[in-house]
Amino acid sequence: MTVTVATLGFPRIGPRRELKFALEKFWAGTMTRMELEKTAADLRRANWARQDELGADWLPSNDFSLYDHVLDTSVMLGAIPARYGGERMDPADLETYFAMARGAAGTGDCCGNAPANVTAGEMTKWFDTNYHFIVPEIESGCTLRLGHFKPLEEYREARAQGFETRPVLLGPITWLSLAKGRGVDPFDLLDDVLGHYATLLRLFAQAGAAWVQIDEPILATDLSERQRRAFTRAYAKLAGAGPKLMLTTYFGGLGDNLGLTASLPVAGLHIDLVRAPDQLGAVVESVPEDRLLSLGVVDGRNVWRTDIASLIDRLAPLAAERDLVLAPSCSLLHVPVDLALETRLDEEVRQWLAFAVQKIEELDLLKRVLNHGREVVPEELEVAEKALASRHLSARIHDPAVGVRVAGLTPAMRERGASYVERARVQADVLALPAFPTTTIGSFPQTREVRKARAEYKRGAMDEAAYGAFLRAETERAIRWQEEVGLDLLVHGEFERNDMVQYFGEKLAGFAFTVSGWVQSYGSRCVRPPILYGDVSRSAPMTVDWWRYAQDLTDKPVKGMLTGPVTILNWSFVRDDQPRDETCRQIALAIRDEVLDLEGAGCKAIQIDEAALREGLPLRRRDWQSYLDWAVDCFRLAAAGVGNGTQIHTHMCYSEFNDILPSIGKMDADVISIETARSQMELLEAFAQYRYPGAIGPGVYDIHSARVPDEDEMVALMRLAQTHLRPEQLWVNPDCGLKTRAWKEVKPAIASMVGAARKLRSKAQVGA
Ligand SMILES: CN1c2c(nc(N)[nH]c2=O)NC[C@@H]1CNc1ccc(C(=O)N[C@@H](CCC(=O)N[C@@H](CCC(=O)N[C@@H](CCC(=O)O)C(=O)O)C(=O)O)C(=O)O)cc1
Ligand SMILES: N[C@@H](CCS)C(=O)O
Ligand SMILES: [Zn+2]
């Protein structure tokens, strides 16, 4: 029996974010399409070579994407909405592709070379990760066609370089499940979609591919009867169409979908044994013996070293009986590329970690032991075991004071002093804001100058005094401009922050941070999640000085700006040696201290961003409530210490939370700002139905697009909002922070937004 190693996908941004820089140059017009494609091809070549060298036997192709693999699939199938030119468009056209991803501010009509002035496709979270995909849009009457053969091209490209790969396709049922139908149920197009997949698979067989990896992570979620029937129909059709299929599931166990999955006539099945270690026995029993099993035993979602010794004990009996493929639990897209690039990591913490490259090394080690016995790699095994033991025994992960504080928590600490209605009355007097108050979500453009100054400061080329003076000047400029443009509740601009989570991670005890640990968030945007390895505490105020500095510059109120405990947890690589809720309570206490210090300094409105609360929702509904209960409790613990006159704001971006509104209500925030611009205020209907009591700022400006919306567009969106909510509930704001935008976009957009609010106010008065 033989054990082999597969990777299901490798980070596509490159070890030094080469793709990010190339894309941004291309968009800025300083790089040609050929140069961009060369960078992309170089990255693919390097990734194949690297994985091959590291010992992977099954290399993926088509795991690369210029922006997003879900968008690639939509374009491949010709699901191009009419606003980008629809069926008239060539799916291989890069202008159209990027217009769908980012919107376009062009003047063309989409049929010529210049793109039209169009909004981007809706963007949302990929399952429970911090990766965002472009939601497939299927319009009524649209005819799908196989128009772009990128998967085939990349397979051939690898082959020409001597790499035999297993191409990766996003499975048809997951694609359809993630799609939004406009006047049509996406599943009505099932047979068309299957026809195109079958054609593609035949082409793969002709090109020489023996296997195709077909990703169906939707199998780790609750499925409707329609989805289940679609699976049966789909794989009956696709299994015989060409190459063998490795049906790949991840982000959780198969649970009640196991019977269905086992019945599908595919040649191989990949399962996630990190999120669902206990499913192995049931899978082995249910799945026919001739099926090749691929076991996701190394965590593709976290950065800790694998417990190799336990895995050997667990897998050896099975490996003696049947061929096995060992793999990361999911694509390595969600972890940084290479630990070797970390020049500043503390040595003790470093030995506890494995990034994408090291994870393939771990798999290779496991493979060698299972194929040839422990004797062939004794030193490597000893190093792995020592490193693991060092983490478990380290004094650095425990802080008794934190344990005492968490043990002393009381329910009263999670309660505000009065109901929302009473608080709103007091806050109206304290803040004295107009109707339809305007504000922004916190960050202003992180311009090249801001990033450059920080990079120089970090390198030691700028001293602390000069860097501080630079940041103060930026902040002052932002305050002056906000006064001029007429915003009501101001922000300091977050210029001092590299990232809203990383910034706090760097200030709190219990976190380590990387220099090159980038992970793609969307398109060219990356994040460097902090590594939460030990008990969390705050030793000194983290944001008060910046707030005070900004507030001293103006008579208008300035919001205090914090990242909430659940978001810090969900956007960090979190320790796996204690339950997440326990870790979250530690963070909540640290944020609570900060909230109280801000209030003590005189801050009247404090925003605690919980942008990631929704994405942390377990994929299975039966697990939701317990997550929501502790997540909401942690938010309340962070927020509820303040007096009734202090207005607590929260913000959530890219959230689909119709189905969790009772929990959003229980957070008991005074004001919540949410994404809605790309989805035409769809979400507000649910808020209205639920009779959400508090104030809401539905985003009227899609900040992820370079396109500048005009005043009338924003007035129209707010009018839509008013069909769902009472005017006194409504705030006017963008749908997220403005850090990714340029001032030349922000200034006119916010001026229009303030103009829109004024129009609404005057109309409201006329109406009265
Ligand atoms: C709100 N969002 C966030 C998510 N997750 C987070 N952890 N943070 C978020 O804000 N998830 C959901 C959304 C996703 N949205 C975004 C939006 C924007 C970005 C983004 O802009 N990322 C930046 C990197 C940010 C950062 O950490 N910057 C550092 C380092 C800057 C840098 O690259 N420096 C260069 C030198 C620069 C120079 O000399 O000019 C270097 O080090 O080489 C900083 O500012 O200090 C990005 O560039 O992608 C991400 C998610
Ligand atoms: N305050 C943050 C929230 C982003 S989700 C910002 O404005 O960037
Ligand atoms: Zn946001």
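Note: Cβ is positioned from N, Cα and C throughout, glycine not excepted.
What you are looking at is a predicted structure, and each value in this text was computed from that prediction instead of being measured.
When the candidates W175, W211, W571, W731 are compared with the 5-methyltetrahydropteroyltri-L-glutamate site entry in TrEMBL, which names R17, E18, L19, K20, K125, N130, R525, C526, E615, the shared residue is W571. Among E385, E494, E496, only E494 appears in TrEMBL as part of the L-homocysteine site alongside I441, G442, S443, D609. Site annotation for Zn(2+) in TrEMBL covers H651, C653, E675, and the matching candidate from C584, C603, C736 is C736. Checking the recorded positions C653, H704, C736 against ligand 3, the ones whose Cβ sits under 6 Å from it are C653, C736.
For L19 (5-methyltetrahydropteroyltri-L-glutamate binding site), the same-chain residues 6+ apart in sequence whose C-beta sits under 8 angstroms from its C-beta are R12, I13, T39, A40, L43, L66, S524. Closest by Cα distance to E494 (L-methionine binding site), from the binding-site residues R525, W571, C736, is C736.
Geometry remark: C736 (Zn(2+) 1 binding site) versus I441 (L-methionine binding site), CA distance 6 Å. In this structure, the C-alpha atom of H704 (active site, proton donor) lies 13 angstrom from that of I441 (L-methionine binding site). All chains included, 23 other C-beta atoms sit within 10 angstroms of the C-beta of C653 (Zn(2+) 1 binding site). Considering only the binding-site residues I441, D609, H651, no residue lies within 10 A of R525 (5-methyltetrahydropteroyltri-L-glutamate binding site) on a C-alpha to C-alpha basis.
Checked against ligand 1, the binding-site residues I441, R525, D609 give R525 in sequence order as having a Cβ less than 6 Å away from one of its atoms. Summary of the L-methionine site environment: with the site residues I441, G442, S443, E494, D609 set aside, the chain residues having Cβ atoms within 8 Å of the Cβ mean position are T440, V491, M500, M561, Q607, H651, C736, G737, K739. If you take the Cα of W571 (5-methyltetrahydropteroyltri-L-glutamate binding site) and the Cα of H651 (Zn(2+) 1 binding site), they are about 15 angstrom apart, rounded to a whole number.
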